[in-house]
Amino acid sequence: MVWLKALLFTLVAPATVVLWVPLWLLGWSYPRPALAWQWLGLLPVALGAAVYLGCVWDFAARGRGTPAPLDPPKTLVVQGLYRRVRNPMYLGVGLMLLGEALLFGSWRLLLYALLVLSAFHLFVIFYEEPNLRRRFGAAYADYCRRVPRWVPRLGEPL
């Protein structure tokens with residue numbers, strides 16, 4: 001059942017942010033990239049999608065929950081990409097949005113991506129982190145000391 005809930009959440013929230021709003025901003029049509037280099041935008045779109053889906057997998061398989069705030073993981077997920085950065089799911093969505101801005105050569109999509117990333121930052125600071133501190137206590141505090149919020153820590157395993 002957790003997998004179905006995770007799928008439904010993905011089809012509603014992230015799909016709205018990554019597909020429906022950008023489509024609306026582009027006038028309900030995805031224009032073909034005008035310049036050859038714009039196709040490079042597919043790389044961050046694909047990487048962001050892989051990151052997002054990997055995080056959904058970790059939430060469901062390891063945390064026994066979904067990305068939806070109404071059905072969050074039951075345990076603190078610190079494996080997978082969460083070993084390197086505390087918010088990889090938001091980074092995945094941000095990569096997709098920035099890739100779309102490049103792919104379609106759209107300043108509107110770039111501005112939208114920056115607004116969404118700013119909203120993610122505020123949501124994390126003012127809602128998500130305080131909530132996780134209440135739910136997981138010292139384990140989350142230790143995790144915050146070891147793992148950066150936004151810039152992935154590369155190198156030695158944590």
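Glycine too: its Cβ is placed from the backbone N, Cα and C atoms.
Annotation source TrEMBL lists transmembrane segment at 7-30 (among others). Sequence-distant contacts of the transmembrane segment (7-30), counting only residues of its own chain at least 6 positions beyond either end whose CB sits under 8 Å from a CB of the stretch, comprise 52, 56, 66-68, 71, 93, 96-97, 100, 104, 106, 108-109, 112, 116.
Proximity of distant same-chain residues to the transmembrane segment (36-57), defined by a Cβ-Cβ separation under 8 Å and at least 6 residues beyond the stretch ends, is recorded for 6, 10, 14, 66-67, 80-82, 88-89, 91-105. Residues annotated as transmembrane segment in TrEMBL: 36-57 (among others).
If you look up TrEMBL, you'll see 88-104 (among others) marked as transmembrane segment.
The transmembrane segment feature in TrEMBL is assigned to 110-127 (among others).
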